[in-house]
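Undergrad: One structure follows; several queries about it will come next.
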Amino acid sequence: MRVKFSKMHGLGNDFVMLDGVSQRIRLSPDKVRRIADRRLGIGCDQVLLVEPPRHPDTDFCYRIFNADGGEVENCGNGARCFARFVHERRLTGKQHLNVEIASGTLQLNLMDADQVEVNMGAPLLEPEQIPFRADRRAESYPLEVNGETFTIGAVSMGNPHAVLLVEDIQLAPVRELGPLLAVHSRFPQGVNVGFLQIETPSRAHLRVFERGVGETRACGTGACAAMVYAHQRELVEDKVDMHLPGGALTIHWSGPGQPVTMKGPAITVFHGQIIL
Ligand SMILES: N[C@H](CCC[C@H](N)C(=O)O)C(=O)O
């Protein structure tokens, strides 16, 4: 079966976008892995699927699959590309979109040029919501890895995130610690691992070892989760420029119960067809 796709990225976090509105698409973990394979397929961090809305008050359904084939709850960089994609494919003419994801809904606002703003909803901080095994909710948690204890934040943006503060982002132990933490037993559904350096209360640097992928050039939900953790520790203001290896996102959050908003680019690289 030939399926049309668009190859897109948000700050180098790259995606294969599939239009499941105009085409009938059935994905399996094996098909996702093949699409994402950078030698046998197209190659991407995530495969993103646009589907018709399931509820009258939403415009589309947005499904996210990591390169390892697993379906997950949210993808921030992908949400910005989603907004651009549905416009380019003329699936909608609306500037403001209400999109259903596994963990709720996102509000997407297609702005000028290549900028898209996303209301990512309120972060979830109770351990059982993340999910994270802890006796009670805390600002940060001790976590033992191979006999060494680290201090982490634990935040859900619909998907789980662990955040560690580092002095120098260039020296962050992403490759050594990322894979160990991503499958830590206290995160029963796995976790995305962010390494965060605060430069000033409005400027920070972040690298993310993503669940189901590995280190990516950017992680939208990771940027939101890191900002929430730093804000709770009163290390940053309500607006932060979060610098990732692929570029910067602007994140706003004013405190518990409030939504996190994220603004950044969404780029289309090429269109094609794949045989599924
Ligand atoms: N790896 C993530 C999904 C993609 C998140 C990231 N690409 C973003 O932009 O938010 C997870 O397993 O929860």
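Even glycines carry a Cβ here, placed using N, Cα and C.
Pasting the feature list from TrEMBL:
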| type | residues | note |
| --- | --- | --- |
| ACT_SITE | Cys75 | active site |
| ACT_SITE | Cys75 | active site, proton donor |
| ACT_SITE | Cys219 | active site, proton acceptor |
| BINDING | Asn13, Gln46, Asn66, Gly76, Asn77, Asn159, Asn192, Glu210, Arg211, Gly220, Thr221 | substrate binding site |
| SITE | Phe270 | site 'Important for dimerization' |
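For each listed feature, how buried is it and what is near it?
TA: In three-state terms derived from DSSP, Cys75 (active site) belongs to neither a helical nor a strand segment and is classed as coil.
With a 10 A radius on its CB, Cys75 (active site) counts 30 other CB atoms from all the protein chains.
Around the Cβ of Cys219 (active site, proton acceptor), a 10 Å sphere holds 35 further Cβ atoms from the protein chains shown.
Of all the Cβ atoms in the protein chains shown, 25 others lie within 10 Å of the Cβ of Arg211 (substrate binding site).
According to DSSP, Phe270 (site 'Important for dimerization') is assigned to a strand segment. Around Phe270 (site 'Important for dimerization'), a 10 Å sphere centred on its CB holds 9 further CB atoms from the protein chains shown.
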Undergrad: If the substrate binders are Asn13, Gln46, Asn66, Gly76, Asn77, Asn159, Asn192, Glu210, Arg211, Gly220, Thr221 per the record, what's the largest distance between their Cα atoms, in Å?
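TA: For the residues that bind substrate, the greatest Cα distance is 16 Å.
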Undergrad: Here the binding-site residues are Asn13, Asn77; which one has the lowest number of other Cβ atoms no more than 10 Å from its Cβ?
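TA: Selected from the binding-site residues Asn13, Asn77 on minimum Cβ neighbours within 10 Å: Asn13.
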Undergrad: Where the distance is taken from Cα to Cα, which of the recorded positions Asn66, Asn77, Asn192, Phe270 turns out closest to Cys219 (active site, proton acceptor)?
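TA: So, spelling it out, the nearest of the recorded positions is Asn77.
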Undergrad: Can you tell me which of the recorded positions Asn13, Asn66, Cys75, Asn192 is spatially closest to Phe270 (site 'Important for dimerization')? Compare CA atoms only.
TA: Asn13
Undergrad: Around the substrate site formed by Asn13, Gln46, Asn66, Gly76, Asn77, Asn159, Asn192, Glu210, Arg211, Gly220, Thr221, which additional residues qualify by having Cβ within 8 Å of the site's Cβ center?
TA: Asp45, Ile64, Val72, Asn74, Cys75, Gly78, Val208, Val213, Thr216, Cys219, Gly222
